[in-house]
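To keep things clear, I will list the structure first and then write my remarks on it.
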Amino acid sequence: MQKAVVMDEQAIRRALTRIAHEIIERNKGIDGCVLVGIKTRGIYLARRLAERIEQIEGASVPVGELDITLYRDDLTVKTDDHEPLVKGTNVPFPVTERNVILVDDVLFTGRTVRAAMDAVMDLGRPARIQLAVLVDRGHRELPIRADFVGKNVPTSRSELIVVELSEVDGIDQVSIHEK
């Protein structure tokens, strides 16, 4: 049951524009930076951030796609043969000595981000890993903090944050739902 819309299309657009500016400022430009979106919605957010960064800086930043299914400690498994579901990683550039900015839709327990960091480290040794999220809802189980946050949305554990993006869902909005 949906309780409230906490970000509409305009709020998401403004948050991503602000995050793009913060990424550029904190990294003193975009030289050596790469964006890696965490499947599924993190990929679309990473692409949108790359577009905004290019509009601001006049230079493109590479975007990769990361599937962290095999790195999760709470794997999603198929019921028939108990094989982990793998969707595929596509990071077509080296990450070694690069500033890797992981992009995800919601930061909750930190487990997805930990798995994403493991996956990135398997690809090489980045100079630094930063984290950009559209929504930080709290309730961390691991010592992980986002470097760039679109909106902090305090929630109870009985609530869900639902991020809908036009590329997948036909609408841009973030809402809170009861479990």
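Even glycines carry a Cβ here, placed using N, Cα and C.
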Please identify which of R13, R14, R137, R145 is recorded by Swiss-Prot as part of the substrate site containing T40, R41, D104, D105, V106, L107, F108, T109, G110, R111, T112. R137
Under Swiss-Prot, which of the candidate ranges 61-73, 100-112 is annotated motif 'PRPP-binding'? 100-112
Among the binding-site residues T40, T112, which residue has the largest number of other Cβ atoms within 10 Å of its own Cβ? T112
At its widest, how many Å does the recorded substrate site span between Cα atoms of T40, R41, D104, D105, V106, L107, F108, T109, G110, R111, T112, R137? 18
Restricting to the motif 'PRPP-binding' (100-112), what is the model's mean pLDDT? 97
Sequence gap of 6 or more, Cβ distance under 8 Å: name the residues on the same chain that satisfy this around D104 (substrate binding site), in order along the sequence. G37, I38, R41, G42, L45, T112, V113, A116, L131, A132, V133, L134
